[in-house]
Amino acid sequence: ELMLNFPVLQMTAKMAVSFVTLQYNVTFHAADEKTEQFILYHYGWKDLATVFFYTLVAIILHAILQEYVLDKINRRMHFSKTKHSKFNESGQLGVFYLVSFIWGMCILSSENYATNPTNLWESYPHTLMPFQVKFFYIAQLAYWLHALPELYFQKTRKEDIPRQLVYTSLYVFHIAGAYLLNLNRFGLVLLVLHYFVELLFHISRLFYFNDEKNERGFTLWAFLFVVARLLTLSLSVLTFGFGLAGAQNQSLDLASGNFNILAVRISALATICLTQAYMMWKFINFQLKRWKEHAQIQALKKKATNTKSKAAKKGENKANGVNGIVTSEDRDSPRARKVKSS
């Protein structure tokens, strides 16, 4: 029986490996025999299996963080239903953005992608990736795809589902686009920049839930949000408008992974610009809503203060015999009559 089952086990092991490990590795041997060989990766359709497996891992990690950390804090803080859902969202995303930002910074530092802007487009197409770059993209796609079933598992409110579907779809679309178009260096830099700003927002919101007077983080986030949008647009124009546009090889070649043609460059640049414009529009609406709420709160406080002062003044006037009410203590003593001289 063991001999009969051996081929089945071997086939099962091969299938399991395709789900767990990264596929499409290429081994390079250095010219110097003393130098160790190194392995690079490219993408292919088998990556779908790897993304699926790590999507399941992301669902499990999400549940662990929710049950053992966020739910315990929620029970202590006694949040309302609205704050409860927002706290869970910021808690989950805050951890993800923190891990992704640190991971991305380590990759940028080790691969020297951010030292020189020309690294974003030089030697394009970047079909071969180091292990950590490919694994980073697999993990990013898996995390954002896991957010879709989480809408059901977390019993998300109906009014919040459209918003979460929109930003989840935008993440998947942009990350997959950078991955499939062999713009992994460019996409990595933009993701790290964006994740830093989003991390600051969710940390500020967590502190705000603890103390509603603590709003300094939102002010810093608002400034950095605008700066990040400008940097994103500048790097995009620099990469697509100057770097790739000035490259010698500008022909569509699916076999070599070259997508450096005018139509692709314009489409990619237009997509990034539209996304940044949409984010700025949402940001402006968010700020206007905050300012309106602040103005309403200040008006209510001022009204309450005026009401209290009027009530206190009225009580004081009553005590002093104003408004036609004269107390016995406030009556003037009768005048002494003049005695007529005889």
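Yeah, the Cβs are placed from backbone N, Cα and C, and that goes for glycine too.
These features come from TrEMBL:
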{"type": "DOMAIN", "residues": "85-294", "note": "domain 'TLC'"}
{"type": "REGION", "residues": "305-342", "note": "region 'Disordered'"}
{"type": "TRANSMEM", "residues": "51-70", "note": "transmembrane segment"}
{"type": "TRANSMEM", "residues": "91-115", "note": "transmembrane segment"}
{"type": "TRANSMEM", "residues": "135-153", "note": "transmembrane segment"}
{"type": "TRANSMEM", "residues": "165-182", "note": "transmembrane segment"}
{"type": "TRANSMEM", "residues": "188-208", "note": "transmembrane segment"}
{"type": "TRANSMEM", "residues": "220-242", "note": "transmembrane segment"}
{"type": "TRANSMEM", "residues": "262-281", "note": "transmembrane segment"}
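The domain 'TLC' (85-294) scores a mean pLDDT of 92 in the predicted structure.
Against the transmembrane segment (91-115), stretch 188-208 shows more Cβ pairs under 8 Å than any other of 51-70, 135-153, 165-182, 188-208, 262-281. Here the transmembrane segment (188-208) has long-range neighbours at 86-87, 89-91, 93-94, 97-98, 100-101, 104-105, 107-108, 113-114, 120, 133, 136, 140, 175, 178, 214-218, 220-221, 224-225, 228, 231-232, 235-236, meaning same-chain residues at least 6 beyond its ends whose C-beta is under 8 angstroms from one of its own.
When Cβ-Cβ distances below 8 Å are used as the criterion, the transmembrane segment (135-153) is approached by residues 22, 47, 50-59, 62-63, 96, 100, 103-104, 107, 129, 161, 164-165, 168, 171-172, 175-176, 178-179, 184, 187-188, 191 of the same chain, each at least six residues removed from its ends.
Tertiary neighbourhood of the transmembrane segment (51-70): same-chain residues 19-20, 87-88, 91-92, 95, 138-139, 141-143, 145-146, 149-150, 153-154, selected by CB-CB distance under 8 Å and a gap of 6+ residues from either end.
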